[in-house]
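Scroll down for the structure; my scribbles are underneath it.
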Amino acid sequence: MSYSSSSKFPLLMPLMVACLIMAASGSNFHNDFDITWGDGRGKIANNGEVLTLSLDKQSGSGFQSKNEYLFGKIDMQLKLVPGNSAGTVTAYYLSSKGSTWDEIDFEFLGNLSGDPYILHTNVFSQGKGNREQQFYLWFDPTTDFHTYSILWNPQRIIFSVDDTPIREFKNMESIGVPFPKNQPMRIYSSLWNADDWATRGGLVKTDWTQAPFTASYKNFNADACVWSNGASSCKSNAPSSSTSTNNAWFSQEMDSAKQQRLQWVQQNYMIYNYCTDAKRFPQGLPPECKMS
């Protein structure tokens, strides 16, 4: 499969999300993130406007947010490793700590030149994952910046690409499915070598003659509840003005137009869904799969 815009895209709603971008973080990487590993391979440039991660044969690199969050809408623009990116993984995710951690994952699995990236998503709750869905993208993510978003509120998690939802994971605690809601999470990102599994199950190895590999980041936004010293910046884990436009994310759900766009992505670009992998779950599919 190659990148194509030939599939029919449903009519898009006016992009109201642009009105919701807040100025809370000011999109300055010096203020919002720490580069945590890579021995100089992670860099912040342009007065804090751009962050780059690099990978060579000796090491990858990574960063994490200074803040922890308990619910929010997180946006980041990424431009992925161009050319022959086989064997590389760019991970961008929310995660808590400990043996029963929660995690919300975007992972971008590199590929040979001309072949599409695979966007891998997963949700961990109380240390349990195994909820993978994978997608091709409907554009080349290496030629320009695109926005990858996580909406996380007490009712649902929605993964979006350029304001197009690609996945929804609903709170189904009522049928015994744990949901991330009690553990604050930091934002993490890393670029690393995973050629033992990332591309065609590990058959295609990283071509180190192409190194260094570089991924770029800009325009971070976190409209979110910050967790600090055991307390949330939002009263009772809910923004005090949750009915206002700026905090609509706390109770946001998909309207019919967004649901149509989600279906378009899943019908045309989803390449793996754990909820349809009966061989993987011989004792029966996970309970949330039976509800969707």
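Cβ coordinates are placed from backbone N, Cα and C, and glycine is handled just like the others.
Positions annotated as active site, nucleophile by TrEMBL: Glu103. TrEMBL lists Glu107 with the feature active site, proton donor. TrEMBL lists 2-217 with the feature domain 'GH16'. Residues annotated as N-linked glycosylation site in TrEMBL: Asn111. For 1-26, the entry in TrEMBL reads signal peptide.
This view paints the features noted in TrEMBL onto the structure.
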{"residue": "Glu103", "record": "active site, nucleophile", "Cβ neighbours (10 Å)": "18"}
{"residue": "Glu107", "record": "active site, proton donor", "Cβ neighbours (10 Å)": "19"}
{"residue": "Asn111", "record": "N-linked glycosylation site", "Cβ neighbours (10 Å)": "19"}
The residue listed as 'N-linked glycosylation site' versus the residue listed as 'active site, nucleophile' - Cα distance in angstrom: 25
